[in-house]
């Protein structure tokens, strides 16, 4: 029952929030777009500006100019995930161990609530893909805000404690270390990577023709560096000098990683990069927004599915820990095919969203819009603006 699930989850969250202090304590970020996350985003862009080769295409230069004009939105986006009212209560998706591929809800034995499969690695890809989609429509302000959110999770990947799945429950060092770094962040700020955009991190950012695969590869690379830094210089048994070295390296890596990421993103939106030609996938990511009306939310079950040209059907129940489909809420779901079966996204004939009545009394649901992501691209999107009543299926033809 959803009600039982919610009660169990609330009890677990209340207990864990007491232990964790009610926050994830990653790199610090303030709601007004200041703090460590903001510094990383701003200096990552500053690096790109200063390192930009004169041989870059005019399209890249023009788009970087636009990005600079929306720096404030980039900084606001870079701190927003810590204040998002729709966020997981324990910020579970801000963690990612590159060796297990999981966040702490799966890896840490003390976590007794429902597992969360979102990680900072997945979140980087999701927000960058959504940002690219909006940028290509000319919605630069919204795109930059979404890109900033992606950079937030990229920063989390570079945080030693987050890349090791060591929470404030596991060690008091989590809060102490990140507070230590926050107090010294300005000492760690950089304005160049040491290379221009023809070499170094920028050259590496362009080596994989697939944006989606590169994002995954890049996240794993930097998370491994951060995890190694945790065990070598960042635990409670290490000295203040060790922590200073760790903080300096971690913030440097965050800024350099951000500069490379922004460079790749600018090339993607400038050159119409079509490197992601792989149409096979076993994983989808759907993002749905419930309307901002008084009775728009629902406790009924919601499903998403599609059918291939051969008539094979796939369907998933959309059910995260906590409350799904609340008024004005954006919900995100990672959908994996059974046994890792690969689906050709070019071979999908139609999609559907289905509401199933949970009790004898229907709990209507008003869906505003949705976006479906696969292989680093938004492959389906629609402003639905529809009220679902009773047991109802809404078909979306490709």
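Glycine too: its Cβ is placed from the backbone N, Cα and C atoms.
From a predicted model like this one, the values you see are computed outputs, not experimental measurements.
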Of 264-272, 273-281, 282-290, 291-299, the range Swiss-Prot labels region 'Linker': 273-281
Cα-proximity to residue 299 (Ca(2+) 3 binding site), 10 Å cut-off, over binding-site residues 37, 162, 178, 363: 363
Of 152, 174, 178, 297, 323, 363, i.e. the binding-site residues, those within 10 Å of residue 37 (Zn(2+) 1 binding site) when Cα atoms are compared: 152
Coarse DSSP state, helix versus strand versus coil, of residue 299 (Ca(2+) 3 binding site): coil
Cα separation, residue 82 (Zn(2+) 3 binding site) to residue 363 (Ca(2+) 1 binding site) (Å, whole number): 31
